[in-house]
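This report concerns only the one structure given below.
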Amino acid sequence: MAMKARALYDFRAENPGEVSLRESEVLSLCSDQDIEGWLEGVNSRGERGLFPASYVEILRGEALSPPPPPPPVDTRYANLPPGGYEPAQPPPPTYRAQETFQGFSRPAALPYQHSQPSDDDWDDEWDDSSSTAADEPGGVTTPGYYGGGFHDYESSRYRMSTRSDMPPGSYNTTSSSASSAAKGTATVSRNLNRFSAFVKSGGEAFVLGEAAGFVRDGDKLCVVHGPHGPEWQENPYPFHCTIDEPTKQTKFKGMKSYISYRLLPSHTNQQVYRRYKHFDWLYARLLEKFPVISVPRIPEKQATGRFEEDFISKRRKGLVWWMDHMCSHPILSRCDAFQHFLTCTDEKAWKQGKRKCEKDEMVGANFFLTLTTMPGSPVLEPQEVDGKLDAFKAFAKRMDEGVLLLNQTAGEFARKQASGFKKEYQKVGLAFKGLGQAFEIDQQPFSAGLNKAMSFTADAYDAIGEMFAEQPRQDLDPIMDLLAVYQGHLANFPDIIHVQRGALTKVRESKKHVEEGKMELQKASDIQERCNIISYATLAEIQHFHKIRVRDFKSQMQHFLQQQITFFQKVTLKLEEALQKYDTA
């Protein structure tokens, strides 16, 4: 009898060979063994194809029970954009999220979608596509450019290659040829799913020895072996950058409006102005370049209400968190594209740098050539790496659940403070006022003091209601902004881990070929060495995530509790003032 599975979420096929699923429908599996995070099966409409393994649960022999009831609607705090920082429905994957933290409330989110022409389009004077300045030799160096700017490092480049001595095309998906039986002629197979994160990131090509390119000295990314395991080498010149003064600007004689943010990097102390579309452009470049780094997500786009004060304020807070995580990352903070974004003030230099970043050759498989370890760093055992990844997946699953619960709880509590608590306190104040007005009918001189005290008490409760309504901006909103940042990070890690797991799979295959006498030991050792580099980078990124997590949540919880203390001190002071009125009544 064919193995059955039930769809946990809707899935829409977007590529050849995929099949669409509907939530709760029962499918027939061709095999219960997933291929790089994907299963093959037949849906209830008789369509056969691939779908994400994380979107279904396998029914192993039990009777098919009715589908579970739909989950309760996830209501959020009213001042969040619709759906918060997460899509309301599970996003259709793009073969990037095959490796997921099992048990998350939703599969890993989609890669960020860039701006569409409807919002912040690329039509201003800094983005003239007719410019050919980027093609001119000897690019312009931006004054004050950090980390060497966009100098031509031809004199400091060296050729980097992972190619073995095998002829082109020797890596293939079949192993049935007669020559593969001879020692040293077997090859590690390619993944069947050519859309997986491991393949699309260039990780497979790198591990199989197919990457070749020139690496500048400034492009080298070093991983050191610290006291707690692999870590990114720290930025020797740390800095920070403020984002403030969002102002509405116009062009084309007022026909087009946009919001501009003032950035002030500490290492140049020279302010620059950037629009949301510039953040969007940079984010897209970072995603393309760094497949094993969790690039913080920028606040989502909004089609309407872009010039409303609340939206502008919330977007700025999200960009501040994004900037803080960018500046805190030892690798992202030194990226040429990021430094160009922070420092360039000249129109022509901006165009040159922008196009140079877009032509960066150190992406895909070539990116992995830039990863290096310190001489003498120990080789990481695959079993040890697997264990650490499993531990992190278990941690991330629980953290994701905790983040979602806290976000929902904080949102509900904030709504109660903004509406329910405010109304209740003002209702009490109105009741006191009504009784005080009744007392004022009595014109006895000795009752005047009591009447004034009753009126003051009514006003005090009305003011306390207003204080409750305003308080979430001071304590709960910052907590929820932080949670949104970490929801983005948690959604990034499945793809990062999938790249690493794919590399470990190739190591196991190569070892098996060596044991069977079908591959030379040197070729297998080369594969393991390249996998070791990816392992170092993955564990270094996990270590960095934990460092900033401890820093951020410690600081934010201190801020939250201090704001709570200050708030209740103000409430107490208001009540004490009302009490004193009765002492003199």
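The backbone N, Cα and C atoms fix where each Cβ goes, and this holds for glycine too.
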- Note on the structure: Per TrEMBL, the region 'Disordered' among 160-182, 298-320, 344-366 spans residues 160-182
- Message: Can you break down the domain 'PX' (239-349) into helix, strand and coil residue counts using DSSP?
- Response: 48 helix, 25 strand, 38 coil
- Message: Within the domain 'SH3' (1-61), count helix residues (DSSP H, G, I), strand residues (E, B) and coil residues, in that order.
- Response: 3 helix, 27 strand, 31 coil
